[in-house]
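Written out below as structure tokens is the structure these notes cover.
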């Protein structure tokens, strides 16, 4: 299964996110030891949703949108969720962080899962880092790697 970490990010915000990009790249590189992981910075909700659609030579993604209305998971529960997707034959899973004003109702309806990082509100940049780390953590839990132990 391939995991795509996608975020709606304006051009202006991209130029300010160098440190964030480095941290996300570090976690995606580590996660890549277990499954292919890529990042996608989309300029709009529509562009991010289009990336989840089926295209020639690429299956449609299982779409997970981060949303304050979504289900919260512990790290272990998130690992189980990722494991179920792998075991169920999901070829691509796109985890999307939405625009500053939130997802449209249409986007929420398109998603197979709405997922919340918790009851707190995070800046998009921090949410990108937390999501990348949690994906890495989930994959290490599934692999029995000691990274999660003691944290």
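Even glycines carry a Cβ here, placed using N, Cα and C.
98 is the residue from 88, 98, 144 that TrEMBL records in the S-adenosyl-L-methionine site together with 66, 117, 118, 119, 120, 121, 122. In the structure as shown, the Cβ atom of residue 119 (S-adenosyl-L-methionine binding site) sits within 10 Å of 7 other Cβ atoms.
All protein chains considered, the CB of residue 121 (S-adenosyl-L-methionine binding site) has 9 other CB atoms within 10 Å. For residue 122 (S-adenosyl-L-methionine binding site), the Cβ neighbour count at a 10 Å cut-off comes to 15, with all displayed protein chains included.
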